[in-house]
Amino acid sequence: MLTFFPFQVRECDAIQVGEQDGFNHNHATYSTILHKLARSKKFDAVDAVLRQMTYETCDFHESMFLNLMNHFNKSMLHDRVLEMFYAIQKITRVKPSLKAVSTCLNLLIESQQVDLARTFLVNVKKHLDLKPNTCIFNILVKHHCRVGDLESAHEVMKEMKMSKLSYPNLVTYSTLMDGLCRLGRLKEATDLFEEMVSEHQIVPDALTYNVLINGFVQSGKVDRARKIMEFMKSNGCTPNLFNYSTLMNGFCKEGKVTEAKEAFQEMKTVGLRPDTVGYTTLINCLCRGGKTDEALGLLQEMQETQCKADVVTYNVLLRGFCEEGRFADALGMLKKATCEGVYLNKGSYRIVLNCLLKRGEVEEAAVFLGLMLDKGYLPHYATTNELLVKLCEEDRAYDAEMVLSGLTEAGFKPGTESWCCLVELVCRERKLLAAFELLDALAGG
């Protein structure tokens, strides 16, 4: 019977397992064992198995070490990630591949271990004589763009062009264009796009186009974004859901409801089935334009097409109802979301509470706060203090005390201003015992 290493592996146990009559472990069995141990965070056992592997004569491949790198990285053991890379040559007796280099480098950079990544890359170049390929260069470009160091990203691209093993590809250009767009450097991004297409004949895909579309949308230039979309279609690249949703979001931000609806309709006309993001984008646009009932029609359409609305969709509708003063409809929407199996968050309830206070409906706000606390959601600190102060200003001492009681039971400590207002109000009503109790509570907090 085949026996695998138990999870509580000791080094001597590992050696004994390999000595079973009629069976020899190989790469596949060791990979399975190491994966299960690492997934269970049995790292001492992993070390024992790795030591046993050094005595084996079978061939091992680096894939098992790439898997271990991922496990160690998830556990924030970044030095162990490096150890697994250097163990490749020791155990497989083969120099690590460029794939192993890029995997290790990417894990370190994604974990923001930049110094380790830099040292690692220097050692790889010096001691293993491995020259970076396009994938490795792209990881560096992505890192520099993420931290806003576009000059260094450009330098990496220049080095790529001089290398014999690599050359900037679509990923390189798209990443650098995205970095430029994020900093509002749209002219440089479009120039880079022109260089990519005209000089190097690299054909952009929908993702690359979306980088530019989103860049212009975020800069408040939705008309330029629309022209990018038209250029995209005229050059044989079919827009996808992300392209349309991004453009619709741009129209929404600029209050162009008609254009957003046209883009949504075009998306359906060309055979694309709107997803939750697409529907929610247009629903948001309609709600911001005061067309909440029309937005409700889209929610109904989502249900009919089996496109499930999420908490973002419902929060958008809640805000729409609240902005129109339709508190009853907002409460109905809260119940509907629950019935539909959508898990609302504290933001959902805060939207309604904040709106009630903004409209001066203090009594309704106090009642709604009770509902919110029953659900286990705490309001925003400033909102709570505002409610307590307003209740005191309206001489509603009893309601204020009830609100305060519910909040303190939930572990919430209102601000000093709220306490002072309530104590002053209680004193004015000559309820000295209650006032002393409030002062004791304040001192105890």
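Cβ atoms are placed via backbone N, Cα and C, with glycine included.
Fair warning: this is a prediction, and the values are worked out from it, not measured in the lab.
As given in TrEMBL:
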REPEAT    133-167  repeat 'PPR'
REPEAT    169-199  repeat 'PPR'
REPEAT    205-239  repeat 'PPR'
REPEAT    240-274  repeat 'PPR'
REPEAT    275-309  repeat 'PPR'
REPEAT    310-344  repeat 'PPR'
REPEAT    345-379  repeat 'PPR'
Review point. Under DSSP, the repeat 'PPR' (310-344) has how many residues in helix, strand and coil?
Key: 26 helix, 0 strand, 9 coil
Review point. For the repeat 'PPR' (133-167), what are the DSSP-based totals of helix, strand and coil residues?
Key: 26 helix, 0 strand, 9 coil
Revision key, fill the gap. Lying 6 or more residues past either end of the repeat 'PPR' (240-274) yet within Cβ distance under 8 Å of it, the residues of that chain are 206-207, 209-210, 213-214, 216-217, 220, 222, 225-226, 229, 232, 281-282, 284-286, 288-289, 291, 305, 307
Exercise for review: Report, as numbers and ranges, every residue of the chain located at least six residues beyond the repeat 'PPR' (133-167) whose Cβ falls under 8 Å of a Cβ in that stretch; write 'none' if there are none.
Suggested key: 98-99, 101-102, 105-106, 109, 114, 117, 121, 175-176, 178-180, 182-183, 185
Revision key, fill the gap. Summed over the repeat 'PPR' (345-379), the DSSP helix, strand and coil counts are 26 helix, 0 strand, 9 coil
Review point. Taking a Cβ cut-off under 8 Å, which residues six or more beyond the ends of the repeat 'PPR' (275-309) line up next to it in the same chain?
Key: 241, 244-245, 248-249, 251-252, 255, 257, 260-261, 264, 267, 316-317, 319-321, 323-324, 326, 337, 340, 342
